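**Student:** My questions all concern the structure below.
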Amino acid sequence: MAKVVILGGGVAGLTVAHALAEKGVESTVVSLHDYYISGPSRPLILSGEQSVDRITRGYNFLPKEIKVTYGRVEEVDFANRKVKLANKRELDYDYLVVALGLRYAYDAIKIEDHVFNVYDLGKVFDLKHLVWNITEGTIVVNAPKQPYRCAPAPGETVMTIDMILRHRGVRDKVKLIFVDGNEKPQPPVIADVWLKLFEEAGIEYYLNKQITEVTKEGVVLDDGTQIKADYKVILPPNKPVLFDSWLEVRGPKDLRLKDYDDVFAVGDIAKLPFPKNAEIATQSALNAAAKLMEELGVGGGNYVDYKFSGWAYAGNLKGELKTLSVQFSLDFSEGKPKGSKDPEPKEEYTKRKDAWEQAMLKKLFGY
């Protein structure tokens, strides 16, 4: 039986492993940690509407065909079909699936002060402490230039902070500033919704500006503008794990590397003309699995189009700790993306996003 090694135990990696397991094909998944923490609902950790235990899973309830080993991948030798781990172990393979995801490149910004965000676990709890205790000052929140994981997340973060401050009765004493490295708030299909929300919430915003420096006094933009801020909620540029650039694949439905028939790249680490999120990660993984099944002679051919519905947390301008959300959809099946949305924030959409995330975790991890 062919040796299939999957680097990464997140959404993309496990989706490939499950698809192969359904055909009786064994795989070895290499995960950095013995747990996985889901990302889509992390902004709601700030408001207490989400808890870490609800979005954390381990790897003990996977199908028997999926073997998991733990360690940091240090090198991949494509020519000799070897993966080198930090503990000096080596894995050889017949087929390799690279699903290592991305990293937050704090080294890409000059940082001279504390930063917060909803991506790194320690920083999200520090941010939660801040927004529940601050009485006055200025908070700046940023979105880097695309590509970055989960397009709505920065906007969701600033609107969640706004909601909490309103709930506490201190919103008029805390200034909120949003800096977006893109021409429009992301994703573009709901850009007008974001701008309307920012204006209604009294959030000052800068578009098409990137933060290049975090100082004690505030932040510096790429055009030299200095913004005074007491607290900085920073999402740095996103870059691929291990590699210098996003991995070039042959196409959206042929996820093999251009120079290697036996290596696939899926999820965030693959260079694709789509957003980086859990839905796209899943669809790229299903397409890679379909091609790999063909190679293994166990079926395949069930390729999927890239399209999805999503939800963006919109806070709550009444200050009630009941987050409202906007629903949108994007369809890339015909090349140029087609988008639609319901611009009216609703609590029902927040519930749908939670149900979707929980269903995804159950499918991947067994509960």
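Every residue, even glycine, has its Cβ placed from backbone N, Cα and C.
Please treat TrEMBL annotations as automatic predictions, because they have not gone through curation.
The shown structure was predicted, so the numbers you read here are calculated from the model rather than taken from an experiment.
This is the feature table in TrEMBL:
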DOMAIN    3-103  domain 'FAD/NAD(P)-binding'
DOMAIN    136-235  domain 'Sulfide dehydrogenase [flavocytochrome c] flavoprotein chain central'
REGION    333-353  region 'Disordered'
**Student:** Taking DSSP states H, G and I as helix and E and B as strand, how many residues of the domain 'FAD/NAD(P)-binding' (3-103) are helix, strand and coil?
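**Tutor:** Taking the domain 'FAD/NAD(P)-binding' (3-103) as a whole: 20 helix, 36 strand, 45 coil.
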**Student:** Run through the region 'Disordered' (333-353) and tell me, per DSSP, how many residues are helix, strand and coil.
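**Tutor:** Helix/strand/coil tally for the region 'Disordered' (333-353): 7 helix, 9 strand, 5 coil.
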**Student:** DSSP helix, strand and coil counts for the domain 'Sulfide dehydrogenase [flavocytochrome c] flavoprotein chain central' (136-235)?
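**Tutor:** Grouping H, G, I as helix and E, B as strand yields 33 helix, 33 strand, 34 coil.
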